[in-house]
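Here the structure comes first, spelled out in structure tokens, and everything after it is commentary.
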Amino acid sequence: AGAGGQGGGGGQGAPADDPNLTPLERLHAAQRRQLEESGNVAGGPNIEMKGKCIPGKLDLPRIVGQLPSSQSSQIAHRGALATMSPDGVASNGGPSAVRSASGAHPQQQQSYGDPNRTPVVFVSQHGDIQIAMSVEGITCAHCVKIVETVLRGCNGNKSPIDGLLDAAADMELNSVLIRIDRSSNAKRVAYEAARNLAMVGYAAVAKEMDIADLGCCGAGGPAAPGKLGEKARIDLGMLSTAFEVVAATEPQDVFDWGLPCTCPDNGVLRQDCLRHSQMNKRIFEAFDRRQHQVEDYMAGCGMQYGGKCTCGSNCKCKNCSEHCNKVPLGALAAAQAQAAGGGGGCCSNTGGASSNQAQSAFSQSALGGAPGSAPTNAELMYQQLQQQQMNLASQAQAQAQAMQNNMGGGGGGGGGSGGH
């Protein structure tokens, strides 16, 4: 943020109550101070950004040079892991603590934010792996250039964030689209991108999805643990596979990264630039759709991709038309046929008993309900259908009895006339 130079005590930035700071800068200063005091995240450099929206007043290469490099980020996270070993003993910096910052280490993943949330990764049909972030503080075209340069680095240089390949920001949408090398790096890249942007006065938040409740259905799905209704543990490999499989089944492109930027060095001409003119709301709507598709895939319902549902009667898959609060049509048809003609039909007491037993067995097997348990929506639906069947059977029985009475009355009358 636009904080002053390094403070004399512990490398802290300007105080949050400095009257010369904007509200956003005071918020960032307070957040940095709290993080430094708690020891969770090492404080970054305070980069002077006064006059940042005036073209020519800002030395972008110097600013990028002050940002943490990919190597320093890995060292910082490695140092944080030294106090996070499972047995409570500080790590000695061995192989278990020197893993890559690609997200393979489960403890290291926790240092990048909430472990139950992950950025939504959009893989295009051409293999571009992308994440999206909303950015607060983009007020002009020059801010777009600053955001893009901070993320991807200066022209001809590598990005200060390892794994970040390219970035395209937009002032009207207050968002940035980021291209990365691997989906497994999404969480770390989003974390470091938000950190670096906060150092220059922009609050960035990645578009994320909740993974805590995914993979909770039965056997057969990609996230199924093997037991029906048992919650599976979602790991990084499963998420990466889900993003790639959904991309293969639903191929789509949202941004052409091969188009060059034709904007001047001191700003962005959005409508006249081949690259920036692609930025529109449909890109982020596509991220929303991709999130729902990945959630459905991770839930394990094969019906979403042309197969049969593999969840069973305890299915909780979204949009599942076979098990979720619905009676399977095949089982319902079999129960109707068995109820209508099984064991002597409606005129036989034994047949009626066997029919009721069959319907009761169907209700328990198809709906997964136990005797004495509270009725579910599917059970209530079945009870309504069962009541309709009973009403139709009663009407048919009454009509048959009326026809028999009419036939019996006609025969008696004929016999009487013959006697006379």
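Cβ coordinates come from backbone N, Cα and C, glycine included.
The compositional bias 'Gly residues' feature in TrEMBL is assigned to 1-13 (among others).
Residues or ranges marked as compositional bias 'Basic and acidic residues' by TrEMBL: 25-36. Helix, strand and coil counts from DSSP across the compositional bias 'Basic and acidic residues' (25-36) read 12 helix, 0 strand, 0 coil.
Per TrEMBL, compositional bias 'Gly residues' is recorded for 407-420 (among others).
Per-residue confidence over the domain 'HMA' (129-205) averages 92 (mean pLDDT, predicted model). Sequence annotations record features per position, and here TrEMBL assigns domain 'HMA' to 129-205.
Under the heading region 'Disordered', TrEMBL lists 1-48 (among others).
Per TrEMBL, the feature region 'Disordered' maps to 84-115 (among others).
Summarising the annotation, TrEMBL assigns region 'Disordered' to 398-420 (among others).
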Could you put numbers on the helix, strand and coil content of the domain 'HMA' (129-205), residue by residue per DSSP?
-> 29 helix, 24 strand, 24 coil
